[in-house]
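*Asks:* Below is the structure I would like to discuss, written out as structure tokens.
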Amino acid sequence: MWDVQTGRGSSEAGPSTLNNLAEIGSYQLEFFRLSQLTHDPVYHKAAQRVFDVMLDRNIPSKGSVYSVPGLYPVFLDIKTGKFINGKPNLGGGSDSFYEYLIKTWALSGFKLQRNIDMWKESMKGIKKYILSRGSDGRLYMGIGDDDGLDSISDTFTCFFPGTLALAARLLNDNETLSIAQELVDTCHNTFARMPTNIGPENFGYLPDGDDDSDLLNSQRSEIKKYGFYVDHPYYLMRPEAIESIFYLYRITGNEMYAEWIWKIWEGIKTNCAVDGGFAGLRDVRLGRRGGLLGKQESFVFSETFKYIYLTFAGADVMSLDDYVFSTEGHPFKRSIPFNGTF
């Protein structure tokens, strides 16, 4: 956070020095562009110093909570730079850090070699520790490291198939595109299996071959019915799943993805539209009968509806060949050349 009166920064948690991976790793794109526009490298260098500290601290000998190569714990101390706790995952608190590795590389005209090296290292860890098959045969994103996998996921993780698809396009990597298609199918399934055509905030799954004895009866029942169980049933109209489906549609041209988004849009109109705007649902299994959440988040228009619109606007409207979208859905033109200096 930034205090406009004192000019000093502080943790969102007040006097705490705790921060998370996404917050320290989600301004590199913006600061790179700022350095391009001002011809002053100070902004880009400040953002990149975060990586210097992370790479230096994420080793056992530094006294930091160690993860695995390419993956990082969620929480760290901003004074010491040491990681504290939080198993690596692709959900809230981590998501956009991984997203910005590949996107900042793209915005630089593929010049920032460390970014792409970190992305490739992260992909190795994600494939080994984060991705797993569920009992329904689908590919899921869990929470994992050397200590094992927690088979729980949230809607934030559904940004990742889109980022993967973008990486596959930039790197001409068909294997990565196949993974993106599997993961976006899993995310879409959490929407399609609900009577509202709207997915829950959090969901869990049973890894293929695992015993279900630790699950509640209600969770077993939902896994049998849906392939997953609903953990947090509310819906805030978050953009991540729609965003990823948009990317897959733009990159593959498969009309199935546009149809998926239209179905979700119909679900939003039917269940969330109110006088003067839209409201989230308390339970996606019940729709309006379960009650509405009395607020409309800013990302509804800046991201969720933007990606719905762009799906049907034509591939030449903000083409992925010409623009990189920030984690908040802001388009950055890829036309400014970068030769290593500002």
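Note: Cβ is positioned from N, Cα and C throughout, glycine not excepted.
Please treat TrEMBL annotations as automatic predictions, because they have not gone through curation.
According to TrEMBL:
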- Thr327: Ca(2+) binding site (BINDING)
- Cys158-Cys187: disulfide bond (DISULFID)
*Asks:* Quick check: in three-state DSSP terms, what is Thr327 (Ca(2+) binding site)?
*Replies:* coil
*Asks:* How many Å separate the Cα atoms of Cys158 (disulfide bond) and the residue listed as 'Ca(2+) binding site'?
*Replies:* 13
*Asks:* Using Cβ atoms only, which residues of the same chain lie under 8 Å from Thr327 (Ca(2+) binding site) while being at least 6 residues apart in sequence?
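*Replies:* Spatial neighbours, sequence-distant, of Thr327 (Ca(2+) binding site): Ser26, Leu29, Asp95, Ser96, Glu99, Tyr100, Phe159.
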